[in-house]
């Protein structure tokens, strides 16, 4: 395209709003296609013992990739196969236990129609999403989902706009309907998103990130305050636990306790840790969610907490551990 000058006073906002108005109207019309065929499609996907395989060419392929990703992350195992690659070997990934969703606005994608006889021989259930109920794909489908739109938002009527939006929304409708039917929970969602913020909050537990073994700062009750301070410094967690030979907790000493000792004006060289420790101390169980430990630490205004099974010391958790894990 040759260089053109911007028309004086061209209103980008108005052009954008016109697109939204057209696509909003098309989506409102889509409601009529959430019908018995939609139920049949959902049932085939719900009872599928394999995976939902999504296919599409061009812009429909881009929508198909997103659709497969949404299915997979909401409890319906799914993947995308490019129809061109399917015709050259990738169709081997499809089994009779799968369900295929084929997308084409015209319903006449030659790359997809060429695959239909093979899918039929494999007895793979076929759901076609098209904008043309009389198309080849619609007639060949076990279930046809219509996404016909009155017009594209593109003023030339050429660039897929309203039609791709309608297809995307139909995919979301399938995914969410199945999600609800399966009783899919936030915890289930987190399992497929372990790297996301929600996944970390719903999956990461204290025992995944706590300090254990030699990393635990601890001294005996008979230790001097000086020895306890050396342990605090060596382990760099701002505290030390006071425990016996069996790692049974007797108390805790933190950098906050040290400041209070200095405020008392006593000779710290003559003190034992038993003189200044806090008996007992706050502790959490190793199996609780890291975010629960975070909430406790924030409510108690502490930066570290003991991890224990009853009085038996198992580890120590510091606020920095939660920061590194992305929980905060």
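Quick reminder: no glycine exception, Cβ is built from N, Cα and C everywhere.
Computed from a predicted structure; not experimentally measured.
For reference, Swiss-Prot has these:
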{"type": "BINDING", "residues": "75-76, 82, 88, 114-123, 148-150, 222, 275", "note": "substrate binding site"}
{"type": "BINDING", "residues": "82", "note": "Zn(2+) binding site"}
{"type": "DOMAIN", "residues": "42-184", "note": "domain 'SIS'"}
{"type": "DOMAIN", "residues": "210-268", "note": "domain 'CBS 1'"}
{"type": "DOMAIN", "residues": "277-328", "note": "domain 'CBS 2'"}
{"type": "SITE", "residues": "59", "note": "site 'Catalytically relevant'"}
{"type": "SITE", "residues": "111", "note": "site 'Catalytically relevant'"}
{"type": "SITE", "residues": "152", "note": "site 'Catalytically relevant'"}
{"type": "SITE", "residues": "193", "note": "site 'Catalytically relevant'"}
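When Cα-Cα distances from residue 152 (site 'Catalytically relevant') are compared across the recorded positions 59, 88, 111, 275, the shortest belongs to 59.
Ranked by Cα separation from residue 149 (substrate binding site), the recorded positions 59, 82, 111 are led by 59.
Over all protein chains present, the Cβ of residue 152 (site 'Catalytically relevant') has 21 other Cβ atoms lying within 10 Å.
Summarised by DSSP class, the composition of the domain 'SIS' (42-184) is 65 helix, 22 strand, 56 coil.
For the pair formed by residue 119 (substrate binding site) and residue 111 (site 'Catalytically relevant'), distance between Cα atoms is given as 13 Å, rounded to the nearest Å. If you measure from the Cα atom of residue 59 (site 'Catalytically relevant') to that of residue 88 (substrate binding site), you get 21 Å. The helix, strand and coil residue counts that DSSP assigns across the domain 'CBS 1' (210-268) are 25 helix, 16 strand, 18 coil.
You'll find the Cα of residue 122 (substrate binding site) roughly 18 Å from the Cα of residue 111 (site 'Catalytically relevant'). DSSP places the residues of the domain 'CBS 2' (277-328) in helix, strand and coil in these numbers: 17 helix, 18 strand, 17 coil. On the backbone, the CA of residue 116 (substrate binding site) and the CA of the residue listed as 'Zn(2+) binding site' stand 14 Å apart. Counting every protein chain shown, 16 other Cβ atoms lie within 10 Å of the Cβ of residue 59 (site 'Catalytically relevant'). Comparing Cβ neighbour counts within 10 Å across the binding-site residues 82, 88, the minimum falls on 88. Counting Cβ atoms from all protein chains shown, residue 75 (substrate binding site) has 20 others lying within 10 Å of its own Cβ.
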